[in-house]
Amino acid sequence: MAGLPLPPPNPPPLSTRDQTSTSSSANFAQIPSWVSLKRSSSTIRTEKTQQGKLENLHLVSLSKQGKLKEAHDFLKEMDEADVSVTPHSYQCLFEACGKLRSLADGRLIHDRLRRTVKNPSGSIENCLLRMYCDCGSFIDAQRVFDEMLMKNLVSWVIVISAYAQDGELEKAIRLFSDMQASGIRPNSAVYMSLLQSCLGPSFLDLGKQIHSHVIRAQLNANITVETAICNMYVRCGWLEGAKLFFDGMDAQNAVTWTGLMVGYTQAKKLEVALELFARMAMEGVELDEFVFSIVLKVCCGLEDWDMGRQIHSHIVKLGFESEVAVGTPLVDFYVKCGDIESAYRSFGRISEPNDVSWSALISGFSQSGRLEDCIKIFTSLRSKGVVLNSFIYTSVFQACAAQANLNMGSQAHGDAIKRGLVSYLYGASAMVTMYSKCGILDYARRAFESIDEPDAVAWTAIISGYAYHGNAAEALGFFKRMQSYGVRPNAVTFIAVLTACSHSGLVAEAKQYLGSMSGDYGVKPTIDHYDCMIDTYSRAGLLQEALELINSMPLEPDAMSWKSLLGGCWAHCDLKLGKIAADNLFRLDPGDTAGYILLFNLYSAFGKWEEAAHVRKLMAERELKKEISCSWISVKGQVHRFVVGDRHHPQTEAIYSKLEEFKCSAVVDSPVRLLTEEDDVSCSLPARKEQLLDHSEKLAIAFGLISTEGNTPILVFKNLRACRDCHEFGKQVSMVTGRQIVVRDSTRFHHFKSGKCSCNDYW
């Protein structure tokens, strides 16, 4: 104690009443931590009645601040100075240990209590009991409870509530029976804890028994207990009983109404939930933030956008729009109804947006295709130190996947790992997809292998990745592994499997997988699965089989069914069947530009120039506007974008000079002039040859050749499908330069190496 500085002069003596008042109202954070116990023996004798008051006040201060280590050190000093610890100090210490979940500290203080206090008061024992319960040590709590000589109502409430909240309902009920046997009458808190622990249909009978006990205890007129009973029936899935009890209540509050709404919402009875909200409004029930958050979700589920907007108006009238608990569901509502501008305005009116609000907005931008905005907001949040969550990172991974933004995606990945915000399954699966769509399959595989127990979503992500890259062997290998691990494939998994077969010409395998879906896996095939099979037949040249499947499948063919067949007819030169496919395609989707281009090229291949001209005329009359073709490549962290005929790049001369070296492409000099999705449909045929040299994909490849080292692969991304000429160009460049060229178009990856493509011309 000699090393501590002397304290300031002692304050005037406090009465017991003054001490209690000071202890409860003092600003403990401002009490200095240098309070010393060093006193002269004469001071102790003259102020014996005041001994320990300041020390215990300081001990309480340390407890309130959560400084348990300093409290332990100070307790030792108090022992050395023979200063006793007051019951109030012990209570504060146990409360601090429970709040901080510090079991080790709690046990140390409990040991000290045993050594220094023979018969602790019931309030101290209850604090000790609550501390062990808060720390999750039920063994210690049960030992303390069993050793208590005088158990009062508070003691029983603490231990019964703790077991009930921890899911140990059987033990809680046993203690409840013991409590009654001991002659102590349960209060509403005991019943509330038991009712709140009845979760699921299996607890319905028990819930009914507790309800009957409440009636016998004459607590059924308590609005809080009544609300708990109604919510118990909702959680147990007995909505009829909940509604019956609800209608019989003398008075319902907003919590009761909302609980019933939640029950009907979870049971997918959305119309009933909406009717309940209407009744609430009509009966003048005071509406709170949670009610609005639920009814907005109901509107989303019903896709009732008009009702949602009316509710938004009601929210504005009540002044709730700036509240984060209402503003965030509003953002989510407008995102789901596709009105991203209203979502953005609603977000701007939230006074203090939290991480869930930001997540809703970022997810909205990502889902609506405004990927640049999504990335900008995320970058801004990182720089400002705003609290983020795992959902935000998952949305960013999805945006980077769609944008093929490997640089930002890898940065977000590293950042999420540092913050521990990679969502165990959804976030990790999004990373698998991101890396595969960015062309880095090795990273995608590593991300997948890092998942301890991948679910169907994660397995589907890695299978899709390999299918997307045309590696059917690996894709189907992962599918077999998925089955061996006992994970049940879903409908999307089979889309990935069938796509892998389609892109690699595995017709027999595709038929087998399609046929086994219902019988072996309980997954009913949809039109998307049949379209994959039609595509498989068409790519393999089995056009009659494709047509037979279209005519015999149990579902009506959609535009993609006929488009896949038309693509096969163009690739395998079947004009008769191609015309049938085109007629059906244009009947279902008269605005499909790619379909007209396929038909035009099919007529051109057969020298049917009048028919081809008629197709071009139809396109002009219908004012069909194609998506602007764009290709991009990332070099040294900077993205370079090109459009067809682009001459705005600073290195334009060098790019076109490099293209001149490959001007002798056989397809360019072909007598058959073909259109592609990238071409201007209004161009004249003589201009076609020059236009082929200006395709955005070729410009990006040429830039890659002059901007990267000779041994590195060139990775190019394109928003449209690769045309036949550009596909041949990729082969030629890989053969002449010895470079590996990787192109991701709108449907798949193409790996060009030594004059060959990984797709084996199945693109």
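Every residue gets a Cβ built from N, Cα and C, even glycine.
As annotated by TrEMBL, region 'Disordered' applies to 1-28. Per TrEMBL, compositional bias 'Pro residues' is recorded for 1-14. Taken from TrEMBL, the feature compositional bias 'Polar residues' covers 16-28. The annotation repeat 'PPR' is assigned in TrEMBL to 152-186, 253-287, 354-388, 455-489. Marked as domain 'DYW' by TrEMBL: 688-763.
For the repeat 'PPR' (152-186), same-chain residues at least 6 beyond its ends with a Cβ under 8 Å from one of its own Cβ atoms are 122, 125-126, 129-130, 133, 136, 138, 141-142, 145, 193-194, 196-198, 203, 206, 213, 217. Taken through DSSP, the repeat 'PPR' (253-287) splits into 26 helix, 0 strand, 9 coil. DSSP assignment over the repeat 'PPR' (354-388) gives 27 helix, 0 strand, 8 coil.
Counted with DSSP, the repeat 'PPR' (455-489) comes out as 26 helix, 0 strand, 9 coil.
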